[in-house]
Every structure is written in C-alpha cells, then in structure tokens.
Amino acid sequence: MTARAIIIGAPRSGSGKTSVTIGILRALTRRGLKVRGAKSGPDYIDPGFHTAATGLSGVNLDSWAMPPSLLNALAAQQADDTDFVILESAMGLFDGIPAAPGRTGSAADLARLYGLPVLLVLDVSGQSTTAAAVAKGFATYDPDVRMAGVVLNRLGSERHRKLSGDAIEAIGLPVVGAILRDPTLNLPERHLGLVQAGEYDDLMAHLDRLADMAEKSLDLDAVMRLATPLAPAAGGFADALQPPGQRIALAEDGAFTFLYPHVAAYWRKAGAEIVPFSPLADEAPDDSCDVCWLPGGYPELHAGKLAAAETFKAGMARFAATKPIHGECGGFMVLGEALEDASGETHRMLGLLGHATSFAKRKMNLGYREARLRADCPLGAQGALIRGHEFHYAQMTATGNDEPLADLADGLGNPIGASGYRRGHVSGTFFHAIARASA
C-alpha cells in the first residue's frame, strides 16, 4: 500500500502550520487510519509531535542535507503500509538556501520532486480580502508547485471568514478550513522552538484538543481528497549515518533529546542495538557497549544536576579510556570542562574535552553545515564529508587545547573554519549530523 500525501505550507513561521498538521494527524488517527507525519528541513522537534499524534514514527525530509537517494528511501519508508502522509513545511513554503535546483532544503523542493499538492495555511489576522492576493501569489509563483486548497487561521468572526474565504474562492482555490482565534491551541515555545512533546504532562489531551479543532473547523474529507500518491523513485541508505558501533550507549532523558529519528531508525535497521541511559538519573553508559553518544538537548536547564551526577561522570571517564564517545551540541557542551547557565552560575562538566561554554552569553548560531572530518570518529572516517545543521545560543568561553575535529563550511560552501574537538577517544561538535554527503 502506498500512501497519499499532502504538504501543509504557509507564508512564514508562526502561521499555524504545526497546529493544523498535528490536528489533522491526530484526527485521522482517531478515525482509525494509518497516518504518518514528516517535516521538511532540519527541525528535530516537530517529528516528536507527529509521532505522539499518530503512534507511528515521524521523519525529517531534508533536500539539502540528504542526498537524493536517501531522501527517496526515507520518503518511501514513510509511505509504506500507510494511508496518509502529512508533510509539514518548515518556515515559509519556498524558504531554503540558494543551492542547486531541488537541493535548497525547502518544502517546495519536495512538492516538485514528488508532485505533491500544498494545503496553504494563511494567518488572516489583520486582513481579509487581501488574503486572496497572498493566495494568488502562492498559486502563480511556481507552476511546478500546486496550491490545492487553503485553510484560514485566526479568524475573528463569521464576517471575517466570509470576506476572506469568498475572495480566495473567487480566484479558484477551495477553502477547506476556517479556524477561529483560540490562544489555548498554541503550543508553548522556548529558545530552540517548541517545548518538546515528551515534556508535556497533558500531551495527549492537548493533541486531542487540536484534533477536535480539526474535526470542527476543517473539511477533513476534502483534505483527504486533495492528497495524491507519494511514490518516490528508488532510493537507498548508502549515505545514511552508519552505526558507530554494534551496541550504542545513548544518553536519553530531559537533558539529551535531540537525535534525528531517521538516524536512530537506520542504526537499528542496520543491526545495531541502542542501549539508553539517563545522565539525569545518574546512570553511566553500559560497559558492554562499543560507543557512547550524547545527543543535543537542554543541558543548560539541568546543569546543576548533571554536575552532581557522580556515577555518570565516573562512568563516562571510564568509558572514554578505551572506547569512543561523541557529543552533539548539548552533548558537546557536557563533554567540556564547564557550562555557565542562564543565571551566570558555572557548573563543572565531564572535562573529557577542554572547552567551556556559556548560556548566559547568548548569541544565536543557526544554519546548515558541511563538515570534512580531520580524523576517524563515530561520525565517520577521516576525510568523510558530513552534512548537518547547527542551532544553538550557547557561546564558547574557553577553547582548550584539543585538536579540531572537522573543517566546516556553511550551506553555501563558504568556509567557516575548524570546528569541534577531539581528544583520545572523545569527540564533539556543535552541529547535528543528518547524513553523509554523496561522493
């Protein structure tokens, strides 16, 4: 069975795409359909909500970071034995980076590649008939990206709905949803985006409220009729990040949460065993594992507890003496000597690398990254080219004396310089690895 699919797009972030996407996913799941979510680009938070809403794994589909073969393989995997795939756009529908055609990282790339229709979510607060001009611009901007319908979001009244909706339908686009303003439907955010799905005490209740909204305010049958088959060309996993070991000790708790779903899924698919442990519960990596991986997350919110986790710290030092450890972003921060939290208090970290970081001295670092490894590490062999994404506010306050791990370029190929560190069996970077670049 091959799924039918539709892209949920918008002019910008904050238009309501995520709430509409989750509402549709949860509502269709409650109807007994097999539905999966996907997210364009490198945002690793939204797939967690997609998974919670459906009970089936979400995935990122990133046309810049993933070579076409891997992109097709992951898209086909989402479509297999599934009724519908709802693909949520990052940012605005056409937003990406200047790159080769089809490799910009935008959701529009996926619409062209797979011939998928777009359901356009318009935040019409502060406007009415002007929304039709916006919709017409989207409908005519790129003839290879087809707008199939519109959802009006944040309406103030029935009159507001009629003015906006009639103008849009007059240009030939069906309006399949009209959502009144309701701040209680908003998902809470913090500095790296939405608060993660696993942090909600009443997550399912909120997802069901979004599903109730979708049932009430959207014509879900019409949305399903707009979807078209998702049938990617043949793909493969040669460019996936290979398992760094047969048994992988993976830090997994409220401080360590940012691991791309497709990365862990492929490790398992390739035969590796993932053995989770919780640094916040003062657990050490299992000594029987071959490698330890500290993913990103929010260690700055738990720095005091991590600093006091003596079993964790001793176990990591013991592991590092003979086996590889790699940290990404938040994990990289914990591998260093010290971490200053937002209040200015400094906490001792693992000291397996010599750098120190601060969350009190904040500056956003954001963008695609391409890294050529200077040495063998859990990311790959020396000389390997890895594509990923960097998004953090922490700043380096001390660099230490460790060797650089990689030479970094931004998404446009502009050199950024040496990045990350390595010492003995330990390595770390601020960027999150997504895939290997094609040879």
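Using N, Cα and C of the backbone, Cβ positions are placed for all residues, glycine too.
Summarising the annotation, Swiss-Prot assigns domain 'GATase cobBQ-type' to 247-439. Marked as active site, nucleophile by Swiss-Prot: C329. What Swiss-Prot lists as site 'Increases nucleophilicity of active site Cys' is H432.
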For the domain 'GATase cobBQ-type' (247-439), report the average pLDDT of the model, please.
96
By a 10 A CB contact count over all chains shown, which of the recorded positions listed here is most packed: C329, H432?
C329
Nearest-integer angstrom distance between the alpha carbons (Cα) of the residue listed as 'active site, nucleophile' and H432 (site 'Increases nucleophilicity of active site Cys'):
7
